[in-house]
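Let me begin by presenting the structure, written as structure tokens, before commenting on it.
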Amino acid sequence: MPVDLGQALGPLPFLAKAEDATFSASDATQQRELANPETARQLFRQFRYQVLSGPQETLRQLRKLCFQWLRPEVHTKEQILELLMLEQFLTILPGEIQMWVRKQCPGSGQEAVTLVESLKGEPQKLWHWISTQVLGQEIPFEKENLTHCPGDKLEPALEVEPSLEVAPQDLPLQNSSSATGELLSHGVKEESDMEPELALAASQLPARPEERPVRDQELGTAVLPPLQEEQWRHLDSTQKEQYWDLMLETYGKMVSGVAGISNSKPDLTNLAEYGEELVGLHLHGAEKMARLPCKEDRQENDKENLNLENHRDQGCLDVFCQASGEAPPQTALSDFFGESEPHRFGGDSVPEALENHQGEGTGAHLFPYERGSGKQPGQHIQSSSLGELTALWLEEKREASQKGQARSPMAQKLPTCRECGKTFYRNSQLVFHQRTHTGETYFHCHICKKAFLRSSDFVKHQRTHTGEKPCKCDYCGKGFSDFSGLRHHEKIHTGEKPYKCPLCEKSFIQRSNFNRHQRVHTGEKPYKCTHCGKQFSWSSSLDKHQRSHLGKMPCP
């Protein structure tokens, strides 16, 4: 079954109508569009949850779109499985290869694998297709010496499926001077404060000079607009690298726009109107990355959802995919925090930094170092997932505490004892702890006049006077005044000895007996006579010794 450019290349312009479509039989035009499995697939993959519609209606529409795409009444289970596997395989391909393979319309996963493997022996085929099919540049076939696949076409115009007619107010973007330019940029906000070396004119379109000699020598002149070779020679290597990445991103934007908008191809010989919008976008193979803007005028319901399709071309997809549980669609986007341009990680928490990036729309770095983190601009932290970012954040906080820095604001607000500095989660815990310093007691026994801090201790003490033993052993029926005593007794019946000495492997039922046994190996003598200073390992030995000073019993 034919597969189009797919979800990784941006949302469809008629997506705004997809959620409210009723698919009535009276709308013949819309029925014809939805009869196309590829159109139904795009609608299914890019469908968004609407709070006003409710979960039941949303599930109904989603089920209908899924049936229109997979067509279970026509396809077998094996064919449906093959469609799903093909979709996932194409989704995880690098951006440039994915564009080319999708254009060949593979019918199965094996056909897609064959197309990808064909590029290994003939890498020029990909760049020839980009120049001829996407840019419309005329490159002599003999010069490229290519062997094309049966599905490889060399016509300068792309053949596209007919799309739904969308009114201007239904377009996903507003406030645009050029509707086509806005659709190509897929919601990328113009940046007025971009760095000078990144704000290059479209006429300075470079090819990579060192790493791709074949591509530069054979396609460098053809890719550049006319009469711009002189400007190209004056660019340094960094500018050429940056603009080559921008050019590849432009290809993806244009192919995505053509696949879902119309069959007209915009003239890219003058990219000045798209230059600022496309600066900062990242594609597979890019080693330099500028700022990653987010859409400023996003609808309110998009803030409640993680709309992956609107962020797919902005490099921040890995972070959102981690939150939503969906796998990153492209290998290129998984390198968002790559080695070539590691992003700065500031003092904000991960949720705060993510919220700032999603809501501000200022084009700032995802984790800017300027936000009170104390890090210098040159200090970078590399990461590839949200979990690694969290680990790095915790490591930063741990290092800060080791250096003697002040506690976090949250720790400063917790109840703290002024006497010993202990911190508690509740004020009630602090109040109870302070009684240990003041000696204040609330529970007094009227029989022996003993006082207790805890009510539980007071209740246990009263049972010594009343003889109450509410805790009964299930094995022998013996009663105990508290549950802890019952637990120790039950271990006699079960033979459980959880405390084992690592030196002599002797086991004990109670922790207290285990602690006393360890003194045999360590030689510890915690009990000291106040008269002569002699020390003992056991309290019973100290009692016998003290009697010798009182004259009751000679010292053993």
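Placement of Cβ uses the backbone N, Cα and C atoms for every residue, glycine included.
Taken from Swiss-Prot as is:
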DOMAIN    41-123  domain 'SCAN box'
REGION    169-195  region 'Disordered'
DOMAIN    218-291  domain 'KRAB'
ZN_FING   415-437  zinc finger
ZN_FING   443-465  zinc finger
ZN_FING   471-493  zinc finger
ZN_FING   499-521  zinc finger
ZN_FING   527-549  zinc finger
DSSP helix/strand/coil residue counts for the domain 'SCAN box' (41-123): 59 helix, 0 strand, 24 coil
Folded-back contacts onto the zinc finger (471-493), same chain, C-beta under 8 angstroms, at least six residues removed: 460, 463-464, 509-510
Across the domain 'SCAN box' (41-123), average pLDDT on the 0 to 100 scale: 82
For the zinc finger (499-521), sequence-distant contacts whose Cβ falls under 8 Å of one of its Cβ atoms, 6 or more beyond its ends: 488, 491-492, 537-538
Outside the zinc finger (443-465), six or more residues from its ends: residues with CB under 8 Å to it: 432, 435-436, 481-482
Tally of DSSP helical, extended and coil residues in the zinc finger (471-493): 11 helix, 4 strand, 8 coil
The zinc finger (499-521) - residue tally per DSSP class, helix then strand then coil: 11 helix, 4 strand, 8 coil
Three-state composition of the zinc finger (415-437), taking helix and strand from DSSP: 11 helix, 2 strand, 10 coil
Counts of helix, strand and coil residues, the zinc finger (443-465), according to DSSP: 11 helix, 4 strand, 8 coil
